[in-house]
Amino acid sequence: MTIEAAMGEEAIKENLEQFLIVLSVSLGVATLSQISSFFRQIPYTLLLVIVGLGLAFVDIRLVNLSPELILEIFLPPLLFEAAWNIRWRNLKKNLFPVVLLAIIGVVISVVGIGFSLNYFSGLSLPIALLVGAILAATDPVSVIALFRELGVGERLTVLMEGESLFNDGVAVVAFSLLVGIPLGTQEFSVTNTLIQFVTLQGIGIGCGGVIGFGISYLTQRFDLPLVEQSLTLVSAYGTYLITEELGGSGVIGVVTVGLILGNFGSRIGMNPRTRLLVSEFWEFIAFFVNSIVFLLIGDQINIRGLADNGQLILITIIALVIIRAISIYGLGTISNLITKQDISWQEETVLWWGGLRGSVSIALALSVPVMLDGRQDIIEAVFGVVLFTLLVQGLTMQTVIEKLGLIGDRAQRRTYSELIARRSALERVLAHLNAVPPSPSIRMKSLKTTKEASKGQLESRQTKKLRSYNNSYPQLRSLEQEQLRELTFKVEADTYAELIRAGKLNNNLSPLLQEVLAKPE
């Protein structure tokens, strides 16, 4: 064996060991946070950062990835999963405020944070603007989970999810346009920047659209869940790489293909079981990638450097909070003046305080070129902001929602659903008892007693509880109708999809059928 071959094998072995360490530690910590009642109170992402810091403190470095690889590995799955899960039908109703917050909001964040850091911390303007672009990307995953737990209104959830999805893409484009300025590889020009921005966006949307619709129609031709699941993974990474090669924004391409496959392809080309399989697959992928990213940021931090940059971190946090408030309340007012659906000041406050920073900002910070002076300052400033948003904003979010009176009726709806389920179960029990044939092993008296007991429980206890709930919470009366309506939409959409796959219905659907296929799950 040659020396080169031996060195190559040793490098592969070392990289594999590093990967297995990262895999074991990240999933181990994430799992611990779910099974322990004490750790369950702490966001698992925060636990991962703490473990990463601990490993860095004892000088155990987990893995060394090039900045380019960090973006190519971590961004596509995070963005695709977010785009796959957002429902276009809901997003379309709030598209204007979402786009306003995502595009103009990113510009305000980049300029506001950049000039604030330049003025108050002495950071050079190109580096400060780069920090602003990195921190323009919001990542409210834990806040959205809290929304669903507390029953916060659907519109507020869509606004926050939609803003996060689109501003991630815009922030990454802004980052790619600004990162060359401090390196001296490009000069800033408003005209050239706008042209480049439109070009990146256009190529990204075009590539994502072609690949998304192509895979959507391809999956109509077969019913192989694992192949369809694999195609979504290939589409996420493939779209990113192809779009980047063509000179566009891979991030915008991934967001586009995710929206198309999640809202169109999953309807016309996948049966319900496959859709569930793919959704669960991407839920795991996002969980896994988030785990690794938050572990790596802790691993990359220099403890002494973090303490030395305390003033820079504090200035960055203050600038971020103030600029975010200006952006949300200002753009919210503009949106209210133009659209008919007002965003209340309570909702604006939640959007402001819930704009956490997370995986995308961390991935961008870690992807800053190594040769750039001030790279470590950027990483530590971003880490400080992410830590603040997780610890302070994330942990106080429930209190803010409660004080603003935005908690919905989720708990009552859950109890009401359980009562309906109990009633259905008792009805099935009665139907089964009525169908029991005479048998020597079953005493008729016992059977009759059991029937009467079940019937009495159904007619008195369950009926009284449901009536009481209906009187106490009138808004719950439509719950059964909502569930039935959603069920009929699912059955109807699945029937059309089956007919299309069987060749009994034309691919070119009428607007009516397209609307049915676009109904949310």
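Using the three backbone atoms N, Cα and C, a Cβ is placed for every residue, glycine included.
On the 0 to 100 pLDDT scale, the model's mean across the topological domain 'Periplasmic' (1-18) is 60. Feature annotation from Swiss-Prot assigns topological domain 'Periplasmic' to 1-18 (among others).
Residues or ranges marked as transmembrane segment by Swiss-Prot on the basis of sequence analysis: 19-39 (among others).
Taken from Swiss-Prot, the feature transmembrane segment applies to 42-62 (among others).
Swiss-Prot lists 63-94 (among others) with the feature topological domain 'Periplasmic', giving sequence analysis as the kind of evidence. For the topological domain 'Periplasmic' (63-94), the residues of the chain that approach it from at least six positions outside its boundaries are 15, 18-19, 21-22, 154-155, 158-159, 161-162, 164-165, 168-169, 172, 232, 235-237, 239-241, 250-251, 254-259, 261-263, 266, 278-279, 282-283, 285-286, 289-290, 292-293, 296, 299, 341, 359-360, 363-364, 366-370, 518-521, judged by C-beta separation under 8 angstroms.
Beyond its flanks by at least six residues, the transmembrane segment (95-115) meets 125, 128-133, 135-136, 158-159, 162-163, 165-167, 169-171, 174, 178, 316, 319-320, 322-324, 326-328, 330-332, 334-335, 338-339, 343, 351 of its own chain at Cβ-Cβ distances under 8 Å. The transmembrane segment feature in Swiss-Prot is assigned to 95-115 (among others).
Per Swiss-Prot, the feature topological domain 'Cytoplasmic' maps to 116-126 (among others).
Residues or ranges marked as transmembrane segment by Swiss-Prot: 127-147 (among others).
A Cβ distance under 8 Å defines the sequence-distant neighbours of the topological domain 'Periplasmic' (148-164), meaning residues of its chain 6+ beyond its ends; these are 82, 86-87, 90-91, 93-95, 97-98, 101-102, 105, 137-140, 341, 343, 347, 350-351, 354, 398, 401, 406-411, 413. For 148-164 (among others), the entry in Swiss-Prot reads topological domain 'Periplasmic', with the evidence type sequence analysis.
The annotation transmembrane segment is assigned in Swiss-Prot to 165-185 (among others) on the grounds of sequence analysis. Long-range Cβ contacts of the transmembrane segment (165-185) within its own chain (Cβ-Cβ under 8 Å, at least 6 residues beyond either end) map to 71, 75, 78-79, 82-83, 86, 98-99, 101-103, 105-107, 109-110, 124, 126-127, 129-130, 133-134, 136-139, 193, 196-197, 200-201, 204, 249, 251-252, 255, 360, 364, 368-369, 371-374.
What Swiss-Prot lists as topological domain 'Cytoplasmic' is 186-194 (among others), and the listing cites sequence analysis.
Within the same chain, residues 169, 173, 176-177, 231-232, 235, 238-239, 242-243, 246-261, 264-265, 269 sit at least 6 positions outside the transmembrane segment (195-215) and bring their C-beta atoms closer than 8 Å to a C-beta of that stretch. What Swiss-Prot lists as transmembrane segment is 195-215 (among others).
Summarising the annotation, Swiss-Prot assigns topological domain 'Periplasmic' to 216-245 (among others) and lists sequence analysis as the type of evidence. For the topological domain 'Periplasmic' (216-245), the residues of the chain that approach it from at least six positions outside its boundaries are 72, 75-77, 79-80, 84, 203-204, 207-208, 251-254, 256-258, 260-261, 264-265, 268-271, 273-274, 277-278, 281-282, 285, 497, 500-501, 507, judged by C-beta separation under 8 angstroms.
Positions annotated as transmembrane segment by Swiss-Prot, on the basis of sequence analysis: 246-266 (among others).
Feature annotation from Swiss-Prot assigns topological domain 'Cytoplasmic' to 267-276 (among others).
Here Swiss-Prot flags 277-297 (among others) as transmembrane segment, drawing on sequence analysis.
Swiss-Prot lists 298-311 (among others) with the feature topological domain 'Periplasmic'.
Between the transmembrane segment (381-401) and the transmembrane segment (312-332), three or more CB pairs separated by 6 or more residues in sequence fall under 8 Å, so the two stretches touch.
Taking every listed stretch (127-147, 246-266, 312-332, 350-370) in turn, the largest tally of C-beta pairs under 8 A with the transmembrane segment (277-297) is reached by 350-370.
Across the candidate stretches 246-266, 312-332, 350-370, the maximum count of CB pairs under 8 A to the transmembrane segment (127-147) is reached by 350-370. With a cut-off of 8 Å between Cβ atoms, the residues of this chain six or more beyond the topological domain 'Cytoplasmic' (333-349) that come close are 93-94, 96-97, 100, 155-156, 159, 400, 404-406.
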